[in-house]
Amino acid sequence: MAGALVRKAADYVRSKDFRDYLMSTHFWGPVANWGLPIAAINDMKKSPEIISGRMTFALCCYSLTFMRFAYKVQPRNWLLFACHATNEVAQLIQGGRLIRHEMSKKASA
C-alpha cells in the first residue's frame, strides 16, 4: 500500500501537470509570500519594544483578506492559504506580545 502511494506520488511529480504548477503563480506567489511569516516568527525572539502595533494590525488584515482570496479562487490555492494562516497566527502572537508589554509598562509606572 505504501509502495503504491509512493509510486503514485512519484508519477505525479514527473507529470506535465506538476511541472505546469511549478511554473505558475499559484506556486511562486505563495513561495515569495512565505517571507512574511518567517520574518514574524523570527521577530518573536526579539524585544517587544520593536513591535509596531499599526503594522501588526495591517498585516493581520492583509492575511485575513488573502486567506479568503486563496480559498475563493478556483482552483483553490492551499499553499497561499497556509502561508497567510501562518502569518495571521504569527501576527496575532506579536500583537499579544505588544499588548502584554504595554500593560506591564503601565503597571510598573
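A Cβ is built for glycine as well, from the same backbone N, Cα and C atoms used for every other residue.
For Ala2 (N-acetylalanine), the Cβ neighbour count at a 10 Å cut-off comes to 6, with all displayed protein chains included. Reduced to three states, the DSSP call for Ala2 (N-acetylalanine) is helix. Residues or ranges marked as N-acetylalanine by Swiss-Prot: Ala2.
Marked as N6-acetyllysine by Swiss-Prot: Lys72. Residue density at Lys72 (N6-acetyllysine): 9 other Cβ atoms are found within 10 A of its Cβ, drawing on all protein chains shown.
For 2-20 (among others), the entry in Swiss-Prot reads topological domain 'Mitochondrial matrix', with the evidence type similarity to another entry.
Taking the topological domain 'Mother cell cytoplasmic' (42-52) as a whole, pLDDT averages 94 in the prediction. The topological domain 'Mother cell cytoplasmic' annotation in Swiss-Prot covers 42-52 and is backed by similarity to another entry.
The topological domain 'Mitochondrial matrix' annotation in Swiss-Prot covers 72-109 (among others), and the record cites similarity to another entry as its basis.
For 21-41 (among others), the entry in Swiss-Prot reads transmembrane segment, with the evidence type sequence analysis.
The transmembrane segment annotation in Swiss-Prot covers 53-71 (among others). Tertiary neighbourhood of the transmembrane segment (53-71): same-chain residues 36, 40, 77-78, 80-81, 84-85, 87-88, 91-92, 94-95, 98, selected by CB-CB distance under 8 Å and a gap of 6+ residues from either end.
Each residue contributes its Cα atom, and for Ala2 (N-acetylalanine) and Lys72 (N6-acetyllysine) those atoms are 33 Å apart. Same-chain residues lying 6 or more positions outside the topological domain 'Mother cell cytoplasmic' (42-52) and placing a CB less than 8 Å from one of its CB atoms are 90, 93-95, 97-98, 100-101.
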